[in-house]
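Database features (TrEMBL):
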type	residues	note
TRANSMEM	45-64	transmembrane segment
TRANSMEM	76-94	transmembrane segment
TRANSMEM	100-119	transmembrane segment
TRANSMEM	140-158	transmembrane segment
TRANSMEM	164-184	transmembrane segment
TRANSMEM	196-214	transmembrane segment
TRANSMEM	226-246	transmembrane segment
TRANSMEM	367-389	transmembrane segment
TRANSMEM	395-415	transmembrane segment
TRANSMEM	427-443	transmembrane segment
TRANSMEM	470-488	transmembrane segment
């Protein structure tokens, strides 16, 4: 006997799968449609605040090891911000033209530490002199390393590699460009859980719940949730600091929780304009250059995945390979600029700012160009920039939990183009994800126990050339997926459809889709002189 409360059978349209979309719908402002100026300025400032985390974390980890104090640390952070602003403008005008913030690269940190530990600097007794000599060594290595991105990008070699990329092999690359940074998320929050955890909770409330609970004419809570929540939690952290909550706490706890322990405000000059070779003339060592070139190549691969995610969240079409190559070439120029100015770091697409595009539903190019203006402005006015840069790092780690997750999810969304009922698809996707997580875990565990990587020969540069790429989750995953996807049953026509390759056919050349002109053509009629193919 049928129950009276049984649900009605689903309608035919409810049984249809969701349609595949070339462009992401429900984005409020896409790449070419800027928000009103007041809103654009606030959103640009929000991008500046978000990219501060990486800009502070990397120099804070490297400069003390190099022998530098608070003054040197503040100047390196200012220089990194100044160069990031220039690179972001160059990328948005002449590179991919995507709203991608170009910041520091975590991949470059390992070979930089290797340079710091090199024997030729360890004999130096004066810390400031050691800092200057080490900085010049990293500058020399980065100058040489930038050439690999410039050559691969502008020569068209990288374009030819990307043409072989299918949605299936792009999934692990983009997903692990986000998910692969998990150690920067909650472990960073836990360093001061009473500050980091409220930031996560408030971000969830402001961005996901309040917009549906309180109906206002324009989206406010979700679009500006970063500014709202950082202001609240930063004030809360200041009250904790001022009330003496950490008076007897351990030194590490005080550094992570207190708002007055970064040393940046006291170390920063009032006005400082970074200039090339401010630390002296670069020095070159062949081994260090080889190691840095490999790290530069890994950063290039990771940025490729993030560029694709940015194009998705900006509601643009899939980025044509020639445009991606152009962007990688400009990323190389960015790394070269960073080497000239002395940032002790390379250039890569900021994953957290790509996630912010998703949170705000604003993928406007103008917003990111405004944020580049803030980077340059606050890097010159040192004291003011240092105030924002002294936000406790667990607050940034809380933001990463949300932004990196958005990029990981963007990668998974490309599975809509693939046949998920195919055993070939399941194997390539599963195996590349598993190896992308498992191989770097082995390399990182080995390093944390032994103090050096699994490849440990007398040549430090050779060790870095192997250990650095295999410690990158996105790099290992795409290496496995790209190889398998282009070798297993490649000639089979049904396989071509299973891997989603046919969906991107119209984007493999700049001219085969009319929308490419709208999103990616160069400004000032430069396409006549530098045509995209």
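Cβ atoms are placed via backbone N, Cα and C, with glycine included.
Relative to the transmembrane segment (100-119), the listed stretch 45-64 leads the set 45-64, 140-158, 367-389, 427-443 in CB pairs under 8 A. Outside the transmembrane segment (367-389), and at least 6 residues removed from its termini, the chain residues within Cβ reach (under 8 Å) are 29, 34-35, 40-41, 43-49, 51-52, 55-56, 74, 77-79, 81-82, 84-86, 88-89, 92-93, 99-101, 262, 264-265, 267-274, 353. Of the Cβ pairs linking the transmembrane segment (196-214) with the transmembrane segment (427-443) and spaced 6 or more residues apart, fewer than 3 are under 8 Å, so the two regions do not touch. Between the transmembrane segment (164-184) and the stretches 76-94, 140-158, 226-246, 395-415, the greatest number of Cβ pairs separated by less than 8 Å involves 395-415. Sequence-distant contacts of the transmembrane segment (470-488) (same chain, at least 6 residues past either end, Cβ-Cβ under 8 Å): 107, 110, 164-166, 168-173, 175-177, 179-180, 298, 301-302, 305, 424, 427-429, 431-433, 435-437, 439-440, 443-444, 447, 453, 495, 499.
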